[in-house]
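Undergrad: Quick one: the structure is below, and I'll ask about it shortly.
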Amino acid sequence: MGVVLCSDGGPFDFRDPCVRSSWSALLPALFVFALCLFSLPLPTRVQSLFALLARPFRTYITLDEAEALDVDADEKSNGGADPDTSPKGPLASAGVPLWRTLAFVLIGLAETLTWLAYASFQLINSPSDIWGVGRTFLVASSWLYTVMRPIVRPAATAPMDLFVLYIALFIGAVLQVGGTVYDHEVFGDRWPPGVVLAALWSNLLLVGALLAIVLKMPLAVPSRRVRKEDVGLSVSPEDYTSLLGWITFSWVYPLVKRGRDTTLNEKDIWALSPTMQSRPIFMKFVNIHRSSLLRRLWAANSLDLLLDFLLTFVSVAFNYTGPFFLKRILDAIDLQTPTPESRARAYIYAFLAFAASMCKAQADVQHLWFGRRASTRIRSELMAAIYDKALKRKDFSGIIDKDKGKQAEMEDEATARKSSKERKRAEKERKDKADEPKAGADVGKIVNLMAGDANRISQTVSASYFIYGAPFEIIIAGTFLYQLLGWSAFAGFTVLLAGWPLNSFIARRSIRIQKGLLSARDKRMGVLNELIGAVKFIKFFAWEERWIGRALDAREVEMQWMIKARVNSVLFYLLWTCAPILVSVISFFAYVAQGKELTIPIAFTSIALFNMIRAPLNVIPAWIVQILQTGVALNRIAVYLDEDEVDAQVSSLKKEDGAASAPPHPSEEAEEEGLGLENASFKWNEVEVPKDADKDKDKDKDKGKATPDTSQDASTSAENASIVNEDHRFELRDIDVRFPAGELSVITGPTASGKTALLMALLGEMTLLPGGGRIIMEKDPHRVDEHGLTHAISYAAQAPWLRHQSIRDNILFGAPMEEERYAAVVEACALGPDLGVLEDGDATEIGARGVSLSGGQKARVALARAVYARTKYVLLDDPLSAVDSHTSRFLYERLLRGPLLANRTVILVTHHVELVLPGAHYLVRMLDGRIDTQGTIKDLQAQGVLEYIKQDAAVEIQKEGMVATLEEEVEVDGDGDGDVEGKKVKDAAKKPRKLVKDEHRETGGVKWAIYKSYLKASSYWIWAFLAALVVVSQILGLTEKIWIMIWGEAYGELNDAPSFYLFRSFATKEQDIQMDGYPSSHYHTSGFHGMFFMKKGRFGIDWPEAIRHPYFYIGIYAAIGLANALTSVSSTIAQYTGALRASRILFKKLLVTVVRATFRFHDTTPQGRMLNRFGKDVETIDSSLAGSLQAVNSSLASFFASIIAVAFVFPWFLLPATFIGLAYRELAIGYLNTGRDLRRMESNTRSPIFSDFGELLEGIVTVRAFSAERRFLDSLHRKIDTTTQMWYTFWMTNRWLLLNFDGLGALAVLITMLFSIATLSGGAGLAGICITSAMAFTSSVYWACRFWTALELDLNSVERIVEYLDLPQEPPAIIESNRVPAYWPSSSNNDSLVVVEDLVIKYAPDLPPVLQNVSFTLKAGERVGLLGRTGSGKSTLAMSLLRFVDPTSGRILIDGIDISTIGIHDLRSRLTFIPQDATLFSGTLRDNLDPFGEHTDSECLDVLQRVGMVSNTPSGSYPTSASSSRIASRAASIQGVERDETTDSISTTATDVDTKTTVSLETQISAGGTNFSQGQRQLIAMARALLRRSSIIVLDEATSSIDFATDAKIQATIREEFNSSLLLTVAHRLRTVIDYDRLIVLDKGQIAECDTPWKLIQKENGIFRNMCLKSGSFGELEFAARSKAEQRDTRSR
């Protein structure tokens, strides 16, 4: 406008009172104007534009909204109560204190009137001074706003508009008062009149008072749901702290104070703010729909990310104000004759520098908080999304990892055939596809997505300010350099351009490596998952070595990828450490080559700027890699989240969530009452692979999955049966069945005919093939019929899935406790006697996968769960096969025909047709994946079909023999103390004992022994070398400074090095360690800044003149720089070498110790806890630990170096430094102790997430059947919150430390500045040295503290691994001095192959014996049955033969050798134990039969034929019904849990149905063997035993899941094939052992009876005779026993 407001100076000449007054008026007035402008109504177009711009700045979730969502979700979980929750109403004006409003209004009014009066006075006195009058009116108008605001919009919380306005007014008041004092003191002006002076001071004090009131106001007011007294105890004070508390982060201090002197526990940590809690965050996240996962994350977290971005710029800007003010202070000090004005200005600059430091500290802490909030939310969002997906995705658990089978065999062959170009392309494609989903992500991979990938994304977000800040810093420094050196400055940057191709090559390579590493890590975790899950079975067969080898092989592949990654990192590091040095050297060469004089100010200032640019230049490439790697992680999660899901008809979550957002599915529209299938065909779930996936991978990634029958294998037709690698998929064809409501329907059929598959199809867990079929299923748990039953399903899987909880909790499964109903269910499921035996009754804790219960007990607990739920539909998958016949009859009479299942539609899969037929209404017979026969019992009877089915069944029933109550005892699988150990817990309180102890947590500092373990594992020599390199690095840093000093003197001008160089360290280093945990050396290398600039320090050497020989000085400077870079790179290489060595050693030790641990340990330790050690803890040792240790060394070296420098140059500084040091110590101790506890708790609270997640994935079919997904999701939210609570609180203590350390650092520098200004004149160099030393001192203390905490946290992983290195171990595998002969045990020693003498077994010295004084002798070739009731010690006795339990006294001799004197490997490898639950491993069928390759293919095929797994056909493939479903398409229930014998095969050999499926030795088996039915797994286990040809076979009767025809075949196999072996059977069916040579009947740990079956059955009141009488088929059994006795007599004659 051409108006000059103040005529004398420029707008920043603050010596002019007019300028000061103008700023005092304009600042608040402009702010008020902006506020008023934005509150005006805007045109629609402008509004929509503003809305678009404002969208990213919208708050994601407010406190009120989060609380309301939480309550809403609670009500949903509790059955949909009235969701009136909003606490918004009363909060808006809740409790606004009157005094506060009065203070604002009255003071504002007084100020307004005073300023108006003053303006009027000016208008009368000096009407020509228009601007003078105008600015006074502006101040008055600003004050008027402060009067109106509290009246119009009273607020209980801190009003941010008033806060900013008061700050502007306060700055104005300081300018006015300060200016008056300055004019008086410096220029000698007279004081203004007393009234004016009093008014100025009053204004300052009043604004200060108003600011204090606002600062004390809270950020939020607790709602009705929060008790005020809980804030700061159980409720986080973060939301409710005052504005001052927020700015100073003092709300964190009470926790630090508590944690300083006591060990913190979970209850000491306050809960997360509702705005950070997983459930509300995820509920909002689910409703964000964007085209990609990245966009969804941005939409949810844009505000935090943008504020992080903007505040980072503010921080960087304040960072560079430091050198600006320091330069001016030193210019003022440097004057030989300082004037009062120069000194006063120096003081002002000192305080401005302090203010700038504090502003930078505040900007830092705020931007880091926003970044951390975004990262915390992203972590929770992703973890919950992964879990939520697991609840909705199709069940892919039985799928084989095709890579394992095909890649291994075909890769070499295929690669050899291709041209080298094709080979390279194929190899590249294969590598690029490493992170694509394999056939349905397995448990290990899904857990990895949650543990590793979600974490990596979250960490990248929290540290992304590196990326924002670096370019900004480079631009600022580049601008300064251009001013100094002109275009020469950019000559050096050609190095960067030249290095860029190399840089991008390394970056691309790092992505490939990262994919390979993640894939290798997934595979390694998959192997470990399988190993730990089946460790007992591995021990039975003495296969530990083989499996340790397998795990180490997988680990070695991972290590090779890690080595590649490390080499890549070293290349990167070399490139970017040398780059900044070469940049500066080339720039100087270019400058000097132009003939320009490189003067001291130019040289030193340039070097300072090049050094400042070094850090951001280092950050950029490292972060390019980081971002690319995070992209890989994000893509892995996105691909998983895009996997196929079940229909809304099946998933209650989708039904709830999708009602509003998704169009109804066709099957939903047609949903009607009842349960059945209509003209439907099904296949097992499979991941569809589009044919052109290789060509167009990305394009088809999403749509390919939805396309049915596009997988390359789907085209494999029946004619290709001879292809060994491809098994045909199993399908259910043309199923049309409607089960009658309120009646019992029976599904029967031979092994592997499709019975379980039919139940899976009904549950919607199979893929419906196109063709118009549909599932009739109604699931609406909120609808209740007239019988009080919900329209929902309950399901008991064939292999029971039980949770790691008490028996009661398993039965209730989240339903409310109804005492009467519960008692009826327990009684009807025959659980009463079992609960009576168990010490803690139904409070007994069940271990993972139901360990600690027998097979029959597990089946009946699962059955009780299905019956207890008040559901209309009950699906039972063969519950009768797992129990004896006496119990079967009991269950039939009391349960199936009892009141509990009345009016319920019950569908029962069973082979016990004869037993259940009288009570059944409808029957379905499956054969070969089709319904062979169906109809009501009456109709079938009329047609005469029933007789045929019953005839089959009659033969089978006879073979089964009625079984007495012989269930195996609680101590099955070696956990024999299941029912004994509890006896010592008979306290008055009778608290149920915990099977699984809570995870151990160390307390206090990390012990020296842990450091020692790590240093030893990584080699002491490497650490000695690293320590030497740290010293060398500091010496080189010092040499560089001295050389610059010599260079400066060589110009002959003895003026000091310019200040800018000296203070480059003012730029505080980055606040977070780089992502992969290796702090770059730029954090620590420049410990001394500009030391020893003595004016005449030539060391007696006549140095050449710098003006004539500039290249000499540049050359040596370059050499020193490159030597420093070389030292850094060497230290990185050494560090990586040590880390990899430690990784290898500790992993192997951990693996061997865990595998060799006792049975008891594996029974009582959740799998997730072990996997957490192998996963997260091993990863920490792999990646960040060595870096943390080296970083601590470097920061401590830098700290001591700066202390020595300060003491040498300026000893007086040590006085204030001592006090500041004590304050540092106090803060550091509080932080270290609190942080250590928080991170340990975070580590421990993370384990349950993964063990529960693994458990859920195994039981997903059951969870979905019960519609219990919401409850599981809520439980996960709670667990995520617990672990996030620790993690987030830890970072908040870190921010508190950062702010306090920055404040102390700024104070130290201020004291030094004031001291320098007051005492030094003409000594800018000395002053500069003092100040920079103070800065180096403070920053190194902060980093030492940060890194020390990081180190302790990383060592926590070593601590947890070392804790596992002392696990109780089994006896040695091999005792070299006592090896057994090759022929041992030999059948030639006929009469006493096994001799048991006075055997006493206890599980602990203070417990009663489980077996007492047991003695017997077994002969070679004998078949002996072990019988006894639950808890009698059968399994313990069987286990003791394999030394799973060592005797307290007595001994066991096998073939004359005392088994306690030989190694357990020698013992177990010569005996064969066939456990109840057959376990198979991923790999080929041949690997499962003969893992060590000791037998030929023909031998393996022979045993498969003998057990009926393959039929003896001449073709290359071996047809059998008992084949797996087509490998890739078979998706079993989880881990073999819920699939019945029928899962995938078509018919049994026994029924001689011609089939189209194949099994061969190369057939791939999925982890846990879940692509085979349970019956098939038993057959394979039998084949495995046959192949071993042991002289002694211990069989824990394992034929319960097989139809009776197959069972008969197995029994015949046992009789024929094992006739030369001693067979000891732990029997559960009398029919099995009635024709054995002898029976041993145990009772209460002693042998009650031991004789031939015929003699025992004749013994009056004998235990065995009573069992036979109770079984209901005494005549049959007596006849069989007599026949056997007669045969024996005939033979002996």
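Cβ coordinates come from backbone N, Cα and C, glycine included.
Heads up, here are the entries from TrEMBL:
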type: COMPBIAS; residues: 711-723; note: compositional bias 'Polar residues'
type: COMPBIAS; residues: 1513-1534; note: compositional bias 'Low complexity'
type: DOMAIN; residues: 306-629; note: domain 'ABC transmembrane type-1'
type: DOMAIN; residues: 716-953; note: domain 'ABC transporter'
type: DOMAIN; residues: 1113-1353; note: domain 'ABC transmembrane type-1'
type: DOMAIN; residues: 1394-1669; note: domain 'ABC transporter'
type: REGION; residues: 407-438; note: region 'Disordered'
type: REGION; residues: 652-675; note: region 'Disordered'
type: REGION; residues: 687-725; note: region 'Disordered'
type: REGION; residues: 1512-1547; note: region 'Disordered'
type: TRANSMEM; residues: 23-42; note: transmembrane segment
type: TRANSMEM; residues: 98-118; note: transmembrane segment
type: TRANSMEM; residues: 160-182; note: transmembrane segment
type: TRANSMEM; residues: 194-215; note: transmembrane segment
type: TRANSMEM; residues: 465-484; note: transmembrane segment
type: TRANSMEM; residues: 490-507; note: transmembrane segment
type: TRANSMEM; residues: 570-592; note: transmembrane segment
type: TRANSMEM; residues: 1020-1038; note: transmembrane segment
type: TRANSMEM; residues: 1111-1134; note: transmembrane segment
type: TRANSMEM; residues: 1199-1224; note: transmembrane segment
type: TRANSMEM; residues: 1296-1318; note: transmembrane segment
type: TRANSMEM; residues: 1324-1345; note: transmembrane segment
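I'm curious about the neighbourhood of these features; can you describe it?
TA: Same-chain residues lying 6 or more positions outside the transmembrane segment (23-42) and placing a CB less than 8 Å from one of its CB atoms are 14, 50, 135-136, 138-139, 141-142, 145, 161, 164-165, 168-169, 171-173, 175-176.
Listed as Cβ neighbours of the transmembrane segment (98-118) (distance under 8 Å, sequence separation of 6 or more from its ends, same chain) are residues 136-137, 139-140, 143-144, 146-147, 149-151, 154, 162, 199, 203, 206, 209-210, 213, 217.
Taking Cβ pairs closer than 8 Å, the transmembrane segment (160-182) reaches residues 14-15, 17, 20-21, 23-25, 27-28, 31-32, 35, 104, 139, 142-143, 145-146, 149-150, 191-192, 197, 200-201, 203-204, 207-208, 210-211, 214-215, 243, 344, 348 in its own chain, all 6 or more past its ends.
A Cβ distance under 8 Å defines the sequence-distant neighbours of the transmembrane segment (194-215), meaning residues of its chain 6+ beyond its ends; these are 100, 103-104, 107, 110-111, 114, 118, 146, 158-159, 162-163, 166-167, 169-170, 173-174, 176-177, 180, 242-244, 247.
Packing against the transmembrane segment (465-484) from elsewhere in the chain are residues 308-309, 312-313, 315-316, 319-320, 367-368, 371, 490, 587, 602, 605-606, 609-610, 612-613, 615-617, 619-620, 623, 627, 1070, 1072, 1074: each is 6 or more residues past its ends and has a CB under 8 Å from a CB in it.
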Undergrad: Check for me, if you would, whether the transmembrane segment (1111-1134) reaches the transmembrane segment (490-507) - at least 3 Cβ pairs under 8 Å, residues 6 or more apart in sequence.
TA: no
Undergrad: What average pLDDT does the predicted model assign to the domain 'ABC transporter' (1394-1669)?
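TA: Over the domain 'ABC transporter' (1394-1669), the predicted model scores a mean pLDDT of 74.
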